[in-house]
């Protein structure tokens, strides 16, 4: 009887030990299986989970616009006063709803090339008004004229055309005209062939972005989605030195197994440069743990604050010999037009940039850019891209509309908030197929290990106690 009991206790302890060992073994084996599955499914080729969502995003993406309506146009033009602005919006469009086109796999260098069609559909229910709402804004053509044509004689000719067309420093335009283009009366009088259509995003609809060529990750998963070339080149030809390099992905996804210490690099054709985001915090997105990476203030800092930015300063006068910060001159990739990009309301910009403008209220939470990345797959499940478009206008003695200006202005035209969040159905599917399975496996591993250890200890204690009792 005692032997049977002792044997039973030993058997229980052995079973506990086996369960504990099995649970311990399952941890690295399970992690290896998860890693193998993830590596297979994030490859950009037909049949994988990543490819299906990569070709056409399953997330609805909206682009909201706030327009800076100028309240004192005559006072500015006559007296070079501070520009008083009032933001109006949001006006919302649905974007990025078209699938990638001309998708071509290259098995030799393990890349896939494509173009991204552009399109925007107005969403009245998500907007404060209609596309016909009017705004008083800087006259884009008049402001750009002396910047592009600096010869005095040419400016005299342009001045006569500006006066003949009854154009001035400011103009009234509808939302639709301002964003997507309008026939400019001044440019229509220019006696040689030039584009007479002007708009902040003209041309956009029915155009494509690319050609992009990205690594598909089949031979090296650490390179998946990283851009190999853009428009057939590995550099942009806009910036000197390393600032001209195309780095990282397009921010829709990143190589898997993202760590908090990693700097996420990505290229944005909207701002004509590569940029980066750093870890900010952990958040829960519809039950999915994600890492929030944020665009740091350092990204638009002056070379004095961040020496790595020295090659983004290509102009010495407006930038006060490269000491100003928070704005980026992207004129070289906008056909020489004086276009400057910043964060909304000149967030993180130097005081000299925002001082001539009244009515701005920068707010970190409302105006910063962030990416919410699921760390195991590297998929971006939520994002907010926030940018402001500004135009430089300078005094021009030969152009009457600008001759009274006593200083240059970087004039805010609008700011945009492009957002996308994984839908509820997609989130549930993601949890079921990815995070749910990983969580379940982890629970099984810990349960086996925990139960095994408890069984082993309990049965061994009982065995020792029983043996001690029998010995007496």
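Here the Cβ of each residue, glycine as well, is placed from N, Cα and C on the backbone.
According to Swiss-Prot, the S-palmitoyl cysteine annotation covers 3, 7, 464, 466, on the basis of similarity to another entry. Among the features that Swiss-Prot reports, transmembrane segment is placed at 8-29, 440-461. Marked as N-linked glycosylation site by Swiss-Prot on the basis of sequence analysis: 79, 134, 205, 220, 235, 247, 321, 417. Annotation comment: Swiss-Prot describes 460-472 as region 'Interaction with PTK2, PXN and LYN', evidence class similarity to another entry. Feature annotation from Swiss-Prot assigns ubiquitin cross-link to 469, 472.
Feature map: annotations from Swiss-Prot on the structure.
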residue : record                      : Cβ contacts under 8 Å, 6 or more apart
79      : N-linked glycosylation site : 404
134     : N-linked glycosylation site : 172, 173, 174
205     : N-linked glycosylation site : 118, 119, 120, 180
220     : N-linked glycosylation site : 110
235     : N-linked glycosylation site : 244, 245, 246
247     : N-linked glycosylation site : 227, 265, 266, 267, 274, 276
321     : N-linked glycosylation site : none
417     : N-linked glycosylation site : 63, 64, 66, 90, 344, 384, 385, 386
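This prediction places the mean pLDDT of the region 'Interaction with PTK2, PXN and LYN' (460-472) at 56.
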